[in-house]
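Written below as C-alpha cells is the structure these notes are about.
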Amino acid sequence: SSKNTVPITDIKNDEDYYTSIIVGNQEFRVLLDTGSSNLWIPNSNCTDHDGCRNVRKFNSSKSPTFKPEGENWVITYGTGFASGVTEKDNIQIANLTAIEQIFGLADSIDDGFNDLECDGILGLAFDQLNTMDDGTQTFISTLIKQKTIAPIFSFHFQHVNASGDKGTFTLGGVDESKFKGNITFTPVIDSDTYNGFWVVSLKGANVNNNSLEFSREAIIDTGTTVPIIPADDAKKIFKHFPGSTYDPSDVYIIPCNTSDVVSFKFGGVNYEIPSKDLILDKKSETECVSSILPADIDFWLVGQTFLKNVYSVFDVGNKQVGFAPSK
C-alpha cells in the first residue's frame with residue numbers, strides 16, 4: 001500500500017475544504033467531511049430547480065467503467081439534504097483507485113449547498129453512518145480493503161489569508177512536512193448516540209491559562225466551520241474571556257482587538273485557537289461575534305476554527321484521532 005498527498009482548496013473564509021476526485025473518467029470537486037459517510041456527486045438529470053446550480057454533473061453514458069445499481073438514498077446534513085440513487089464506478093484520487101465503489105448520484109440537492117463552490121461531498125466517517133445500502137463501505141474503507149492504502153488519513157487545513165500555506169490531504173499516512181512535535185492520539189469512544197462518527201473524549205478547555213474541566217464527547221468534523229458546544233460550557237469559557245458578553249441571538253460578543261486565546265484539551269494536551277480565529281463576524285467597529293457558538297446540545301462539535309490550527313490524523317485501523325501542532 002502507498003501513501004499519497006493531494007492538495008486541498010479552501011472555501012471562502014475557511015468555511016470548508018474540498019479536493020478533486022475522478023469518477024469513471026470525470027472530475028469532481030468534493031467537500032472533505034469527517035462528519036458523514038456518504039459520497040455523492042450531482043446526476044446529469046439534476047436541474048437548477050433541483051438545487052444543481054453551478055456544479056459539474058456526472059454523465060454515466062460517458063464512463064466505460066460505470067455499473068448501474070439504482071437503490072434510493074437520502075441524507076440530511078446541518079445545511080440541508082441530498083437524495084438520489086446509488087451507482088458503482090471506479091473512483092480515483094491522485095493515483096489511488098477504489099474499484100467499483102458504491103456512490104450516490106444526486107437528483108436533488110438542498111439550496112443550502114448553492115454557495116459551496118464544490119460539486120459533491122466525500123464522507124470520511126465510518127461505514128455505519130453511510131445511508132447508502134444500509135451502511136455500505138465508504139471510499140476510504142474500499143481503499144483500505146483493497147490494500148491500496150494503510151488504514152489512516154490526515155489533514156493540514158490552510159488559513160485563507162496565509163499566503164503560501166498549502167493545505168494537504170494525505171491518504172495512507174501523514175505528511176511530516178506539515179507538523180512539528182508529536183502526534184498525540186485519543187481513542188474513538190463507543191458512544192450510544194454518536195457511533196460511526198469520529199467521536200473522542202474532550203477533557204477540558206483553557207482560557208488565558210484558566211484551566212476548565214469538561215468531560216464531553218466531541219465529534220471531530222472537518223465539514224463544520226465553527227465549534228458548536230453545550231451552552232453551559234460556553235458560559236464557563238466566556239466567563240474567563242475579558243470583555244465578552246452574551247447576546248440574546250445566542251452568540252457571544254468579544255472585543256475585535258482581543259489578544260486572548262482559547263485551547264481545547266485532547267489526550268492531556270492543550271491545542272490553541274489563536275485570537276484571530278476566535279472572531280466569526282463583526283457586529284460593530286469594536287465588537288465581534290465569537291466563533292465558539294453555544295447550543296442546546298450535550299456534546300462538542302469541533303470544526304475548522306479548531307482543526308485548521310492543528311495537524312489532524314484519522315487512524316481507521318486503531319480507531320483513534322491524533323493532533324499535532326501545525327508547522
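Along the chain as shown, the residues are counted starting at 1.
Keep in mind that glycine also has a Cβ here, set from the backbone N, Cα and C atoms.
For Cys52, the disulfide partner named by TrEMBL from the candidate list Cys46, Cys118 is Cys46. Sequence-distant neighbours of Asp33 (active site) (same chain, six or more apart, CB under 8 Å from its CB) are Asp16, Ile121, Leu122, Gly123, Leu124, Ala125, Asp221, Thr222, Gly223, listed in sequence order. For Cys52 (disulfide bond), the same-chain residues that are 6 or more apart in sequence and have a Cβ closer than 8 Å to its Cβ are Pro42, Asn43, Cys46, Ala106, Ile109.
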